[in-house]
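Some features that Swiss-Prot has for this protein:
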type: TOPO_DOM; residues: 1-53; note: topological domain 'Extracellular'
type: TRANSMEM; residues: 54-74; note: transmembrane segment
type: TOPO_DOM; residues: 75-136; note: topological domain 'Cytoplasmic'
type: TRANSMEM; residues: 137-157; note: transmembrane segment
type: TOPO_DOM; residues: 158-318; note: topological domain 'Extracellular'
type: CARBOHYD; residues: N176; note: N-linked glycosylation site
type: CARBOHYD; residues: N244; note: N-linked glycosylation site
type: CARBOHYD; residues: N273; note: N-linked glycosylation site
type: CARBOHYD; residues: N278; note: N-linked glycosylation site
type: TRANSMEM; residues: 319-339; note: transmembrane segment
type: TOPO_DOM; residues: 340-394; note: topological domain 'Cytoplasmic'
type: TRANSMEM; residues: 395-417; note: transmembrane segment
type: TOPO_DOM; residues: 418-602; note: topological domain 'Extracellular'
type: CARBOHYD; residues: N482; note: N-linked glycosylation site
type: CARBOHYD; residues: N489; note: N-linked glycosylation site
type: CARBOHYD; residues: N504; note: N-linked glycosylation site
type: CARBOHYD; residues: N551; note: N-linked glycosylation site
type: TRANSMEM; residues: 603-623; note: transmembrane segment
type: TOPO_DOM; residues: 624-725; note: topological domain 'Cytoplasmic'
Amino acid sequence: MLFSRPGRSIFPLLPPYGAHDPNGGRRIIPLNPDGITPYLGLRSRLSQVWLNRWTILLLLVLARVLIAVAGMQSDMGSAKREALSACTSVESMGSAMVSMPHYLSQGVNELTAAGVEKAVSALKTMLLLTITGVEELILFFIKVMYQTYLCLFTMVVRGSVHLALGVVEDAADFLNSTVKSIGQDIHKSVDSFESSLNSFIDDINGIASALLGEIPKLDISDKLDKLDSLSLPSSIDSTIDKVNNSIPTFDEVDKYVTNILRTPFEEVKRLVNGSLSNYTFDRSALPVPAKEQLSFCDGSDGINSFFDKVAHITTTARTIFIAVLIIAAVLVCVPVGWQEIRRWRTMKERSQLVHKDAHDPMDVVYIVSRPYTAATGVKAASRFSNSRRQILVRWVIAYATSPPALFVLCLALAGLFSCLCQYILLKAVERTVPELTSEVGQFAGKVVDKLQDTSAKWAADANSAIADTNTDLNKNIFGWVNTSTTAVNDTLDAFVEKTTGVLNDTFGDTVLSGPVQEVYDCLIGLKVEAVQKALTWVHDHAHIDFPLLPNDTFSRGAADSISDGSSNPSDSFLADADDQTSNKITEVVFRVTDKIEEGIRTETVISAVILLVWVVNALIGVLRALSLFWSRERTRGEGGGGAPMPAAPADSHGFVDVPLTAIPDVASHSQPAPRYEGPAPALAVSRDIPYGDEKLGSVGQKALHVDGISDLRGSSYVEYGMEKR
């Protein structure tokens, strides 16, 4: 589209070198004048290489990193003071902890003594009940045994005696009655025979008495009278009655055994009551540890060495950042200088486009002023065959890489790079925190070790007192139990011996001695033997053993709080109840690192937002281009496409009119900028209006009178129809 404007005084785009040539002829404008120029030459440009954006950004990053390092050093200095203060607090707390046995032992000693006294009191009651129960059980058992077997013995012996007496009486009665009857019959027969014989003798005596003398008479009646009085001796009945009357009643055994058994038990109960009724544990035998004072902060290089190492890291990092960034800022001048040389050469080459009428002068100015972004746009546009789309692609790239947009992008990248440098420094510091944690852990270990030593010493002394109590009770109480069990065993032996003696005295010379002894061994002897074995077991196991105090009575909780198995870091005795770290000292360092990390995070977010602004700006250009990319191009009849700019010859003042054309020449791909189709026919241009006076400045030129040309310039935008982009 052509714009008609009245003539006005303007500063020409291309200064008319030699416009006041005294010869009045038209001169060729030099592309690289050797004299003084109003624009910067190559040497002038190279003299400002160190002011390039990358060097400035790197120096800004360096300044931000140095500020961060200084802030970290200041924060670490404060953290060191707080850590030393916390160490002093931990030292005081550790001293209080290792002195806790001094205070706790008094209560624990009282608890231990009271526990022993209550145990002894319960032991006394239990012993008395046990002794009484065992006493009665043994007596009951023995009485049941010998009274049961007494009944058995009585039944057997008395039954046998009664049977024998009956048999003897029957035999005596039978013998007495039978012998007398036989004696009487014999007596009668003998008397008859004797009478006859005596008569016969009398007759003989009468005849032969003169010759032989007198024959004696037969007299056996006296002998027969003895037969009449024949009977069994009465001693048989008396012997059997003696056996019957001599069966033992075990009254003596009962009385003897009862007295013997009750004597040791009653003696034991008397001794137990006398010894344990007023038993009091000797509390003075339990020790009370002395107070302790720890001092591991003074003269300890743990905290100082940690913060010295952190200071060394920050100093080293600062030196490295200064060296690297300054070297990078200096080295970046080399490619920037080389870039300026190439840009200068490219500008000289492309400045010739101003003399050609096939190029849009604004495009030429853009290509010359922004060679790299313009070249990128040209390369990206070469993928499209449509000139409209080629121009849109170049426009998008130009929109996204405009100086304001590039400033925003570079600012965002510089901020992100600064955050990266600070993050590297932060991680270098955080890697040293475990060393401080280890050192603080050693502090806790020192406290626990001291506490364990105190606890172990106290436990050893207390256990010694408890062991003495065990020995005393075992000697004075269970010694009596051992004595009583031995006495009971002796009593049972006496019982067995006495019972066996009674049985031997009773049945020793009778046929019942063997069976009675066997019955006794089977029914009583085996039971007594079992009881003796039980009493022997009681004798071997009757002793008291109070549990001893562990060596870590006062240190177990502290040791568990710093052990690896502790799942909650706030359980550490070096931490407060609401702390999330294992101790106060490392919490100070973590607070500093968290603060720095929060600052880095904030700066990262700000840089990301700035980068997002550039992305949004680029997306706006992309969306605008896409809206035109797919829309149909309007024809001239629809209001699109202005008339071609006519070629204007140079005027008498030496200005060169560059015609504006809008249609590219797709056949020209070797040019640094797209060519447009052939020039339109020349149009007569009125130059009646003179140029206004304009002072050129310090170049020493005179004021130029330039005639305004109404059709010299059109719109400064790339035009498609009536649209401007």
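Backbone N, Cα and C atoms are what each Cβ position is placed from, and that goes for glycine too.
When the Cα atoms are compared, N489 (N-linked glycosylation site) and N551 (N-linked glycosylation site) turn out to be 43 Å apart. As a quick check, the transmembrane segment (54-74) and the transmembrane segment (603-623) miss the bar of 3 or more Cβ pairs under 8 A, pairs 6 or more apart, so the two do not touch.
Using a Cβ-Cβ cut-off under 8 Å and counting only residues 6 or more beyond its ends in the same chain, the transmembrane segment (319-339) has close neighbours at 46, 49-50, 52, 54-55, 58-59, 61-62, 65-66, 69, 372, 421, 425. Checking each of the glycosylation sites N273, N278, N482, N504 against N551 (N-linked glycosylation site) by C-alpha distance, the shortest gap belongs to N278. Across the topological domain 'Cytoplasmic' (75-136), the prediction's mean pLDDT works out to 79.
Across the structure, N278 (N-linked glycosylation site) and N482 (N-linked glycosylation site) place their CA atoms 23 angstrom apart.
Counting residue by residue with DSSP, the topological domain 'Cytoplasmic' (75-136) contains 61 helix, 0 strand, 1 coil. Residue environment of N489 (N-linked glycosylation site) contains 17 other Cβ atoms, counted within 10 Å of its Cβ in all protein chains.
Taking the Cα atom of each, N504 (N-linked glycosylation site) and N482 (N-linked glycosylation site) are about 33 angstrom apart.
Here N273 (N-linked glycosylation site) is positioned 17 angstrom away from N482 (N-linked glycosylation site), judged by their C-alpha atoms. Counting neighbouring Cβ atoms within 10 Å of each of the glycosylation sites (N504, N551), the lowest count belongs to N504. Counting other Cβ atoms within 10 Å of each Cβ, the lowest count among the glycosylation sites N273, N278, N482 belongs to N278. Under the three-state DSSP scheme, N482 (N-linked glycosylation site) falls in the helix class.
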